[in-house]
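Lifted from TrEMBL, the feature list:
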type: BINDING; residues: CYS38, CYS55, CYS58; note: Zn(2+) binding site
Amino acid sequence: MSEDEGIGEPIREENEEEYSGPLYGIKEREVYYMCLNCGYKISKSELDQYRSMQCPRCGYRIFIKLRAPPTLVKPRRVDAI
């Protein structure tokens, strides 16, 4: 094996399977973008339907990623050791 072989490749087990479930109980959310020119809000899945990343209304190519709404999490009681 030379020095160049295997560099940057992750080591995987042969029987390792891809896990597609939520990681640590965090559910995936739809990602939304907003056109900087006209303010049109569009989801990532809807934007993927178009050939290039352009606003369907005005054709502008600059988007900003909208923040996800805050999630209300009930505080948990943790026993000290």
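Cβ atoms are placed via backbone N, Cα and C, with glycine included.
In the three-state DSSP classification, CYS58 (Zn(2+) binding site) falls within coil.
Cβ contacts within 10 Å of CYS58 (Zn(2+) binding site), excluding its own Cβ and spanning all protein chains shown: 13. For the binding-site residues CYS38, CYS55, the greatest number of Cβ atoms within 10 Å around a candidate Cβ is found at CYS55.
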